Amino acid sequence: MTEESMNDGFMKDYLRVNIKTLKMVGLWNSFDLQNKSYRAYNIFSGFVSTVIFIHVATQIADLSYTWGDLESFSATGSTTLTYGAALVKQLCYLANRKRIYRMVHRLRDGRLSPPSKWSEEQKNIANTYDRHARTMSWCYYSLGIGCLFCFAMTAIVSNSIQTFDDVNSTETSSRKLPYRAVFPFDIEQTGYYGIAFSFQMLVIVFGPTVNIGLDTMFVGLVIHASGQFKILKNALRNIKQRTIKIIEIEGIVEEEPRDKTHLTVPNYNWEEDTFFLETLQQQMLRELNRCLQHHQKILMFISELEDVFSPMMFAQFVSSSGTLCLIIFQITV
């Protein structure tokens, strides 16, 4: 393994936890070092999308039945907006998945700026921003997993424990599902109820995981783009020191023989050496050109990031705003 590949290898773990989350819900069909895709995984991805789509359709049908009941309508409407946004985001992602794969691989493969050219300080900056992205992701995951677990357990317990009114009532109590929904069969029958309940358990897992995976991937890419700007800032600030170090490591190639006794003189004043100054200026121009190229690549990366994720973030904004309004309406009614 070459030194350059060893230097670039530490970036291979960037966004790993975000990628694994997307793989769980069929949103990352890019495997191994060759970035292979698998047809069976595409089937799984379609299955997840179909489950969320059917759930949104059943809730829209329920909205039509509860049009006059404002409390039930607002309760169902908030979850419909949430899962509707997850479906829109998922479809937008699948439509642009190859562009997202390229962005992530461009970041992890060091195509924005080769890590082999970085100083230790720049590598520390990159690792610090990666830790920020991981911390953000795990905090989001912890909250999401906790909410999913509590919601699923509430749904299971509420259907397994009879209330006092149900025990004393002579009428058969209606079966309850985690979400209000309308199905094309009678859920009061045990077999059909089991199908509907299992379906909504899948929805509870798939829907929030899609939201969590896409949101953390977007924020993770933004954090790493910010880290690239910080690395570029460090490169520009220390361009002279880094150039001198490169010259000392690579050596100065002279076209004509000259007296080299000055190399053994202690405390030699390099700033008075005309040849050294010319070499330093040429090397600094090369480093400045690399910085300019790095800046252009960052701008292109951010532009593509904004272009791909803007529809998803707009769907999330509309969903969150609508859900917040409906929750406030429920509180005030």
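All positions are counted from 1 along the displayed chain.
Including glycine, each Cβ sits where the backbone N, Cα and C put it.
Copied over from TrEMBL, here are the features:
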type	residues	note
TRANSMEM	40-61	transmembrane segment
TRANSMEM	73-96	transmembrane segment
TRANSMEM	138-157	transmembrane segment
TRANSMEM	192-223	transmembrane segment
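A contact links the transmembrane segment (138-157) to the transmembrane segment (192-223), because at least 3 Cβ pairs that are 6 or more residues apart lie under 8 A.
When Cβ-Cβ distances below 8 Å are used as the criterion, the transmembrane segment (192-223) is approached by residues 15, 18-19, 21-22, 24-25, 27, 48, 51-52, 54-55, 82-83, 85-86, 89-90, 93, 100, 103-104, 107, 129, 132-133, 136-137, 140-141, 144, 147-148, 151-152, 155, 159, 175, 177-179, 181, 183, 185-186, 305, 309, 312-313, 316 of the same chain, each at least six residues removed from its ends.
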